[in-house]
Every structure is written in structure tokens, then in C-alpha cells.
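To keep things clear, I will list the structure first and then write my remarks on it.
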Amino acid sequence: MEHVVIGAISVVAVFTIIIFSLYLQSWEKCMYIWAWSWLINLVGLIALLFLIFHYNDNLIITHTIASVYVAPLLLYLGSCEFFDRPVNKSIILGILAAGIFNITGIFIKLPFMLYFIPACICLFIMFFVTGRMFLQDSLKSFAGWFMLANGVHILGSPFLYPVDQYQHWGYFLTSFFFTGISISLLVHYFQNRNNMLARSEAKYQELADFLPDVVYEMDLNGRLTYVNKNAFAFWKATREDYDKGLNVLDFIVPEDRTKVKENIQKLIMGVDTGPNEYTGQRRDGTRFPVIIRSTPIYRKGKAVGFRGFIIDITERKKLEMKMQYLSCYDALTGLKSRYGFQQDVARLLENNTYKLGVIICDVDGLKLVNDTMGHHAGDEMLKCVARIIKKMTRDIDVTARVGGDEFCIVVPVTRSGIVEETAQLLRKGITGHNKTNPKLPLSLSVGYAIGDDPANDLMQLYKQADDFMYRNKLHHSQSNRSAIVQTLMKALKARDFITEGHAERLQDLVIDIASIIRLSEEKLSDLRLLAQFHDIGKVGIPDRILFKPGPLTGEEKKEMERHCEIGFRIARSSNELASIAEWVLRHHEWWNGEGYPLGLKREEIPLECRILAIADAYDAMTSDRPYRKAMSHFEALVELKAGAGTQFDPHLIAKFIKAAGKNACDQAANI
């Protein structure tokens, strides 16, 4: 029997050492708990050996009994940790109570079976619950079956212990089961960890295959030892190519391979090279930009290879080129932007041997066009000017849009008079454009300056040319604005809004009303001008709103109401219309203050605007519209009277109706 116990001690000692060493490698909590279980079991077996040799010391007995309960308890707790199961507190309390009762029973000399049977039942439950955890994980688990068998063996011990022949076999079976539990537990542990590793590798492979980029591993010579699924489509390669052996250098253009080798050596020496850009080369010979990021794979502190990813940055490069283009070129005109202009000038100055000239061009009236006809019209003017500049300059000239309405040309003076000729060509180009496009004439103020030495400060030349341009602009600024206004006035006459002859009829009506209240000749002249051009702001309203046959929406009404402000800006910019600019702004105000755009009321509204409101309404009612027939003279007068005191000046309405009635009587008398 002593030999059996000594053998068991040897086995448990070996597995205690193994489990502790595994714990030190993995630092897993379950291994730590199991190691203490085996160590306590080892102490218990050593204490049992002393008891067998008749060392019946109470301390030895206590150690033996304690190990019998604590070792299985720790085996249970370690298994709960291993399988991530909750701990049953009832089992722990039951085992502790049974252990205390067992030790107490020995010391107070209770009958042996009185405390031995409950102890065996508790230990059976412990081994049964622990073994079931292993079998739930896998029915093929020998550890689970050994634990169940050991539990049954312990449960039967109270009945077989009195048999002398069984005592030797009992110790043998206990040693056998503990040996089996030890070996099979380690086997189960390694199988479980291998399964976890396999699942982890499968997840890694699945994730790597999901990525649109290349994930790879290679040895120190660049030979690929692993690639994800996307790598084959990425490089236009096949699985057979990979199986034969592929080197990462096969997918890099020859001119970049030296750089790749240098970076590999740096990585081996522990230098982080960061992401590197190369030109990749597919199996079909196509080239494209890539980023490669690599990190060393270490084994026992020594680099044995590399792993990383490869990204196709073709789209990013296209975006970078687009961004670079947008930063260097003006998106509207296609000429260089201020930033691109500065870069081109810097390159020009590096190798320039010529004197330089600077031409500054400013588009006249751009703000007026933007404010009245909309930015789309202003943008079209800028594009036309840019086309003329491109056409009239040489390839060696540097052209750019350097401001909202300002262009600059740097001209290398390759021959005498070239700067003046270029400026003259620009003026001719503008004149030619205006002949073929009379609807919206262009006007360009041009100034230039010429350096007398290649080393002249370009910024100083720019300032001189800019000053020259502004002097020219001041000389003909009014005529330029007038030309634009004249064009708008022609457009107004050509469109004759709403009905044919509206402007002429309106002039006659306002003169009739003005005559009733005896306005001066000077006022009559301005009033006639107001009647003709009060709606000039409508040239800036889209046709879809202006000529809409049905009612306008809320947003369309707001857009239509802008014509007063647009017309005000146009009139203010023209000598011919400046005198009526304020009236143009106010001609839609109502007597009760509900008009627009200022909300004026009563006498705050200019008299001329009050007269125009009556004449405009009368003509509108007595003229055919797409959606209704014209009213009769009498019906129109009734409507005007209904609007007196709200929309119209009631005093003027009364005089207008009275005069209209008298005229009707006079006409009847002449029949």
C-alpha cells in the first residue's frame, strides 16, 4: 500500500510541476487554481503516507482531511474559470461544512461512518459536477469520465472500506483515477486551446479575406508565406502562382526594388520605416501606386519575417491630383488660381533671362451684373474674358485669375513692344466679342508695367500695373456702367413684360393722372421715365417665374419681389436713370403699409410711385392676360375704388375716377 501512495505522490508531484510551469507561461487563472489543487493534493498524499507509517499526529490528520476537501474544491473552481461558468456557492459551502464536520468528528471521536459517509457524498457531488462540465464541453473528454468514475469510487468507499482486501485496491484506484484526471485534464486543456487557436485563425482569415486590401506575411528574403484571398485579384495572380512561390519584389516595378530592399534591412535592424509608397506591378504588367506597411515577426527575440498590408492608392492619387488641380487652377475659368500663379511665377523666375511685363485686367461692371442678372450671368462674363485671355496670350506667358474680377498676365519680354501688343490684343478681343454678343457687352480695364531688368521686383511691377489699370478704370467707369444699363434697358424694351405695348400705355396713363393734379413739366419727364423703366429689375428675374401663366408660389413671390431692389441698383448705376432710382425701389409700396420692399405707407410713399401704382393696376386690369380676359373700363374703376385706402392713395383714386367719368361724358358728347 505504501508503494501505491508513493507512486501517486510521484505522479501528482510531476503534474503539479507541469501545471505550475504552464501557468508561468500562460498566466491563465484556471492553471493557477489547478496548480494549487494539485499542490494541496500532493501535501495530502504525503500526510497520508505518514499516517500509513503510523504517525497519527493530529496535525497530520488535519492536513490529510483538509487536502481531501480543498483539492477537489480548487479543481472545481479552476474548471469553472476554464469553462467560464458561474460558481455554485452551495457546493462550496457544502464542501467546507463537510470538511469541518469531518475534522471535528475525528477529534471528538464520533463513530467513523457518521462523518465518513457525508464526506464521501459531498466529494462525489464535487467530482460529478466538475466532470459534467468537461463532458458538456465534449463527450469525448477523458477528464470528465475519470472524474465521474472517481466520484463513484469515493461514493462506494464507505461500504467497501471495511473489507481488508479492498483497502489496497482503494488506494490503487484513487492513484489511478488521479493519474487519469491529471493526464486527461492537460489533454483537454491543450485541445481546448488548440480549438480556440483554430477559431482565432479562422476569424483572422475571414477578416483578412474581407478586407479590400492585401494582407501578407513574408520571410526575410521577401518570399510570401501568407496572403489573403483578395491578393490574387489585386495582383492578377493565381493560387498556382502562389504555390510555386512568389516574392514581394515580383509585384514592385524594377526601379523601386532597391528602395524595398533597403527598407527590409531597416526593419530587420529595428527601424520603423512607416508606410511607404511604391509603384506596384501586376502580373499582366499594369502599374499602379501602392502603400506598403510592414512590421517584423519575431521568434525568440529574432526577426524571422514580416507581416503587413498593401493598399491600392490609385483613387487617392487621383483625388490628390484633383485637389492639386483645384488649388492651382480656378474652377470657373480654367486659368491658374492665385496659388498656382505664384508657383508658376516662382518657376519662371528661377531660369528667367528676360525682362518681365505685368498686365492687370479688371472686368468692369461685374458686381452690377451679379446684383441685377444673377451670378450665372456674371460667371459667364468671367468665362468669356478668360477665353479671350487664353486666345490672345502665348504659351510662355503666365495667366491667372487673381481676384473676383481681376486677371493677371506675366509676359516675358522676348521682343520690344510685346507687352503693349498683348494689351492691345485683349482690347480687340473684347471688341470682337461684343460685336457678336451684343446682349451683354464685356468691358475690360487694362493696365500694364514693364521692368527694365530681369531682376526687377515682380510685386513692384504688379503694383504699377494695378495702379495704371485703376486710372484707366476711373476714366471710363461711368461709360462702362452706362453701356451695361443701356443693354439692360434694351432687353426690357425687347421683352415688353406681360403684354405688348404695356410701357407705352403706362406712360400715357401716368401723364393723364399727373395732369389732373397739375405736376410740373420736369416731374412729368421723370414720371414718363419711371413708367418706362420701373420694372427694369425684372431682367434679373428668371423667365420661368416672370412668364409663369398660373399663380406664383411663396418662394416665387419672394423672388419676384426682388425686382425692385435689382432695378434700384441698375438705375443708380446709370446717369440716365439715377434720378428715378429711389422711385424704382418704392414703386410697389401700398398706401396701408403692406407693400414691399420697405413697408412705407401714406405720404411716405413718393407721389410718383402712388401715381404709377394706379396707372399700372388700371392697365393690368384692362389688358388681356393668358389666364383671363380684360376687364371693361367701368369694372376696372370699380376695382380701383375698392382698393382705395389699402393699396392706392384714396385722394388720387377719387380724382382719377372723376376725371375718367368726365372723359367718358366728353367722348359720348362727341359721338
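Glycine is no exception: its Cβ is also placed from the backbone N, Cα and C atoms.
For reference, TrEMBL has these:
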DOMAIN    200-271  domain 'PAS'
DOMAIN    274-325  domain 'PAC'
DOMAIN    354-487  domain 'GGDEF'
DOMAIN    477-671  domain 'HD-GYP'
TRANSMEM  6-24  transmembrane segment
TRANSMEM  31-53  transmembrane segment
TRANSMEM  59-78  transmembrane segment
TRANSMEM  90-108  transmembrane segment
TRANSMEM  114-135  transmembrane segment
TRANSMEM  142-163  transmembrane segment
TRANSMEM  169-190  transmembrane segment
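Summarising model confidence by region, the domain 'GGDEF' (354-487) averages a pLDDT of 84. Applying DSSP to the domain 'PAS' (200-271) sorts its residues as follows: 42 helix, 13 strand, 17 coil. DSSP assignment over the domain 'GGDEF' (354-487) gives 75 helix, 28 strand, 31 coil.
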